[in-house]
Amino acid sequence: MNPIVKQFKYGQHTVTLETGAIARQATAAVMASMDDTTVFVTVVAKKDVKEGQDFFPLTVNYQERTYAAGKIPGGFFKREGRPSEGETLIARLIDRPIRPLFPEGFFNEIQVVATVVSVNPQISPDLVAMIGASAALTLSGVPFNGPIGAARVGFIDNQFVLNPTMAEQKQSRLDLVVAGTDKAVLMVESEADILTEEQMLAAVVFGHQQQQVVIEAVKEFAKEAGKPRWDWVAPQPNTDLINKVKAIAEARLGDAYRITEKQARYEQIDAIKADVIAQITAEDEEISESKIVDIFTALESQIVRGRIIAGEPRIDGRTVDTVRALDICTGVLPRTHGSAIFTRGETQALAVATLGTERDAQIIDELTGERQDHFLFHYNFPPYSVGETGMIGSPKRREIGHGRLAKRGVAAVMPSLAEFPYVVRVVSEITESNGSSSMASVCGASLALMDAGVPIKAAVAGIAMGLVKEEEKFVVLSDILGDEDHLGDMDFKVAGTREGVTALQMDIKIEGITPEIMQIALNQAKSARMHILGVMEQAIPAPRADISDYAPRIYTMKIDPKKIKDVIGKGGATIRSLTEETGTSIDIDDDGTVKIAAVDSNAAKNVMGRIEEIVAEVEAGAIYKGKVTRLADFGAFVAIVGNKEGLVHISQIAEERVEKVSDYLQVGQEVNVKVVEIDRQGRIRLTMKDLAPKQETEINQEDPVEEQE
């Protein structure tokens with residue numbers, strides 16, 4: 001084995017690419033490392049196409065092995081299971097920039113597998129996996145129009161930082177990943193702390209410029225270690241079949257794409273498609289339906305794109321920069337903590353916000369360490385939202401990705417835990433969909449959070465932009481429909497406040513998207529966002545002053561950290577009885593901060609009073625009401641403030657001589673006692689003699705009564 005190694009500097013890190021020693025039966029395999037974070041990436045490509053295959057079957061799998069961080073998996077089976085949400089998101093991050101670089105008509109099955117085998121807690125594996133995938137595909141010889149580069153851009157002290165460490169990312173106002181070829185940006189995924197459009201674009205350009213180092217290094221690596229390029233030729237178009245489909249369908253499709261209502265339009269298009277298939281297969285039974293459908297779909301694209309480039313109205317009759325009609329309702333679900341329905345044209349999201357306590361936080365065990373997530377965002381896309389039937393079950397990759405994008409859009413305006421001590425969960429149920437459902441989720445989430453009384457810093461809105469480009473002509477579209485997303489050249493989603501951008505996601509299917517085009521798209525998106533925010537502010541101008549009556553209220557008090565063990569009790573008995581008897585939940589921090597969550601304020605006050613009793617200091621000379629807990633021959637034990645026990649000696653029970661303790665006291669009896677002494681070991685000596693004359697008067701345990709003469 002003679003491994004081939006390529007090493008280069010990338011920002012502050014050293015990247016190493018190695019091939020030829022491991023997984024030699026795969027089409028290509030690369031061990032990619034960046035400062036001890038190592039990802040092993042393999043590519044397997046089938047030489048033959050499956051019979052009847054009419055799409056490109058690319059699969060990207062990203063998997064993290066716990067041994068990479070020197071850990072053993074938890075759970076009963078002690079091995080890795082199904083992909084986590086983080087693994088799914090990184091698999092999508094790898095997939096999105098490489099998929100557009102395979103030629104049209106290439107239907108050979110390809111599987112990319114990225115396995116994290118070593119991890120430096122300061123270096124995130126996602127970037128390493130993207131670089132490794134780019135290198136492996138370039139070495140494999142498949143018709144891949146790469147390589148791609150990938151860069152992470154941070155923004156610290158008003159300076160862009162290339163590939164910041166995990167520690168630096170905590171100080172950064174931006175987390176942006178950009179991928180592209182030597183000529184063009186293909187993918188952007190980002191989260192920002194309200195930056196301007198100009199700053200976001202500058203970050204994209206900066207990242208694309210810096211990643212040229214990776215692209216050049218991969219090209220040099222491929223010259224030395226690459227396999228011969230596949231002798232693949234794109235299938236020749238069947239001009240006779242194309243002309244037949246055009247003759248039957250072109251005029252009718254033109255009319256169908258003037259129907260503004262989605263379901264009616266789809267019914268008409270399906271009828272035309274069925275007619276085209278029936279007519280052509282009747283003439284020649286050997287022609288496959290899939291080839292007819294491919295030509296039919298291409299014709300649809302030509303019609304829609306041609307009209308947009310020519311300046312004609314869009315599918316639903318709008319101009320290029322018009323946002324669909326908006327409809328907003330808040331407080332729609334009576335027993336939830338906050339809710340809203342956001343409707344934009346034929347896209348609708350029901351967003352619901354729920355407030356919880358710290359124990360509801362999600363504990364995420366990542367390779368780079370364990371962390372707690374206090375803001376949860378879940379996106380559901382049921383089949384009925386597009387008028388279809390289908391499986392209902394665990395979230396798919398798309399739902400996880402859309403949920404994360406929407407969360408990124410809202411995260412920047414969420415209050416800190418110190419400002420608002422609640423765990424917040426938002427669920428977006430997509431009830432109708434015709435494009436831009438993730439951005440509808442951002443708008444709906446912002447409204448639901450304000451309805452729940454969450455003091456977000458500002459309202460957030462999101463908008464999806466599209467692009468149609470033919471040679472030098474291009475048109476940027478605001479608030480794209482599902483069809484415009486499918487038939488266009490760019491999907492460009494922007495979320496933000498009136499002050500700036502909180503999230504940007506970009507997927508570009510073609511080369512030639514210049515910074516100038518991106519700037520136009522960003523400016524047009526800003527205009528649309530301001531319009532949407534204006535309508536949202538009319539519905540609910542600010543967060544509600546108070547949280548829902550059905551939400552838990554969190555009360556905070558401080559105790560001496562030395563007293564924490566007293567509140568918890570032996571084996572947790574004390575705190576357990578407090579929560580069970582009052583229906584509250586209690587969390588105690590190491591610094592003595594006690595957080596009590598209760599729907600009923602009286603229950604919370606009751607618990608706070610009882611905790612104050614438990615932690616209260618017993619004062620010598622003070623009189624307390626106590627309860628007899630047990631009897632002995634030499635006296636009685638009495639629980640006073642905070643269930644602290646003291647001894648009333650038999651000689652201190654009454655003025656007269658006491659022969660038998662049980663003649664005077666019984667277990668459970670309430671008596672007034674005075675603290676005579678607290679010795680060095682903390683033992684309390686009590687007396688029932690020399691008390692105030694009115695025995696039955698209850699003594700406030702928080703304000704001990706002074707000894708009376």
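Backbone N, Cα and C define each Cβ position, glycine as well.
Under the heading Mg(2+) binding site, Swiss-Prot lists Asp485, Asp491, citing sequence analysis as support. Here Swiss-Prot flags 552-611 as domain 'KH', drawing on sequence analysis. If you look up Swiss-Prot, you'll see 621-689 marked as domain 'S1 motif'.
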Under the DSSP assignment, what numbers of helix, strand and coil residues are found in the domain 'S1 motif' (621-689)?
9 helix, 33 strand, 27 coil
DSSP-assigned states of the domain 'KH' (552-611) in counts, ordered helix, strand, coil:
32 helix, 16 strand, 12 coil
Asp485 (Mg(2+) binding site) falls, by three-state DSSP, under helix
